[in-house]
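According to Swiss-Prot, the protein carries these features:
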BINDING   LEU8, TYR14, ARG80, LYS89, ASP105, ASP107, ASN140, SER141, ASP169, ASP172, GLN173, GLY232, LYS235  UDP-alpha-D-glucose binding site
BINDING   LEU8, TYR14, ARG80, ASP105, ASP107, HIS229, GLY232, LYS235  UDP binding site
BINDING   ASP105, ASP107, HIS229  Mn(2+) binding site
CARBOHYD  TYR212  O-linked glycosylation site
REGION    283-303  region 'Disordered'
SITE      LYS89  site 'Important for catalytic activity'
Amino acid sequence: MTEAYISLLIGDGYLPGALYLANRIRQFDNERDLVILVSDISIKVHRLLERFYSKVVVLLPDSKIATSPYNAPELHLLNRPDLENVLNKIHIFHQTHYEKLLYVDLDVLILNDFKGLFDIEVKEWELYAVSDIGWPDYFNSGLMLFKPSANVFRHLLALLTEVPGVSYDGGDQGLINYVFQNKWLRTGDDTKRCGVWYNLSFAFNMTLSNNYESLPSVLRNLTDIKLVHFIGIVKPWMLKPSFVNDFPDGSLDSFVAQWWEQFSSFENGEFLPLVFKNVESERIEEDSHETEEKVDEEVSISEPQDETTDFKYQFGHHSFEEPAPVLDYSTEGEAWKLNEEQLTNQWDVDAPAEPLPVPVEEDEREETKAEAELEELLPDIVQPEPPAPHVFPWEAYNEKPTRVFHDYR
């Protein structure tokens, strides 16, 4: 078969996602190969992957790409040190023994069959993907349909050393976006960008968001969603099956619960336990002879935790606490939690001082002095009696007559 699904596993921590992806795809597609590129995994995990993947391709030490020398500042902005080795994803473009590959990240929930993407005609230097929720002019590299090419691979590799900060996020997504730009945004004066990106429906790679517009959009298109992508550091296998954290109003069943429901059905529940014991065997290296030895032991799996106990997930070398549920603050307005520093001037807290005298012009001073002297010289004037109050309101508006007609009677 010249078409295949492909993914990437760096370290043992994403093993649950790798097991989920292989078993879930096999439920709707038994014809195409399942390929996974691996690095820094234990021998036991390697043997387990061989049970479910058509090919397990080990990235040799001298071919691995480290992010740090290239895009450390950009990666630091994401605050995701766990993505330090994600640039190794570009090795998927070097699997030229396939005519067409569909890359899928391991942190996904598959709701519907999406093998129809293989019907798309794709050429070298073309890529089909879904817009990224963070900046839709870029695509999300969690799902990509493309034609493998040694030319594309070498071009991506060269850009890492030739163009400082070529990846806007320090990882594979920024680098691949630099080459495969949206056809509507392409400019003819940039020779560094050789590929073209064609946008797929958001239903093929839906990333969750707490944006107030997200829930109505998801509800309207729920039956069309093919794949849910759990972006961020917390993955579904790190949470309880009963964890609800997708939409605060409970309009949807938890996607995390759906992931666990599917996961528990694989291999008669063999992978159901929530906590996997640490696998501390030696890593697979280029000159390791242990990779050829027979390993009879399978990955040991502990009993599921009681959901009534305090929850803590441990796998590999990482430990995660269950995050607090997402609360709905959409009615609070923008920046309602902004802790803005309040500055208080010293004169605002002291007792108020005496008001300053109002400045008076020189002419006004002379006029006031003359009036005072005149009042001393004038005799006291007897004020007349005030007029009697009016009986009717209109009497106050009577005008003094200016003409008088004599009465000759």
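Cβ atoms here come from the backbone N, Cα and C positions, even for glycine.
Not measured: the values here are computed from a predicted model.
Features as recorded by Swiss-Prot, highlighted on the structure.
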residue : record                                  : DSSP (3 states)
LEU8    : UDP-alpha-D-glucose binding site        : strand
TYR14   : UDP binding site                        : coil
LYS89   : site 'Important for catalytic activity' : helix
ASP105  : UDP-alpha-D-glucose binding site        : coil
ASN140  : UDP-alpha-D-glucose binding site        : strand
ASP169  : UDP-alpha-D-glucose binding site        : coil
HIS229  : UDP binding site                        : strand
Which of LYS89, HIS229, LYS235 (the recorded positions) has the most other Cβ atoms within 10 Å?
LYS89
Please report how many Å separate the Cα atom of LYS89 (site 'Important for catalytic activity') from that of LYS235 (UDP-alpha-D-glucose binding site), as a whole number.
19
Ranking the binding-site residues LEU8, TYR14, ASN140, GLN173, GLY232 by other Cβ atoms within 10 Å, which is at the bottom?
GLY232
Do any of LEU8, GLN173, LYS235 (binding-site residues) have a CA within 10 A of ASP107 (UDP binding site), and if so which?
LYS235
Taking the centre of the Cβ atoms of ASP105, ASP107, HIS229 as the Mn(2+) site, the remaining residues of that chain with Cβ inside 8 Å are GLY17, VAL104, LEU106, VAL108, GLY142, PHE230, ILE231
Might you list, by sequence position, any residue in that chain lying six or more from ASP105 (UDP-alpha-D-glucose binding site) with a Cβ less than 8 Å away from its Cβ?
SER7, LEU8, GLY17, SER141, GLY142, LEU143, HIS229
Specify the secondary structure state of LYS235 (UDP-alpha-D-glucose binding site) as given by DSSP, simplified to three classes.
coil
Number of Cβ atoms other than its own within 10 Å, given for ASP169 (UDP-alpha-D-glucose binding site)
22
Counting every protein chain shown, other Cβ atoms within 10 Å of the Cβ of ASP107 (UDP binding site) number 22
Tell me the Cα distance separating TYR14 (UDP binding site) from LYS235 (UDP-alpha-D-glucose binding site), rounded to the nearest angstrom.
9
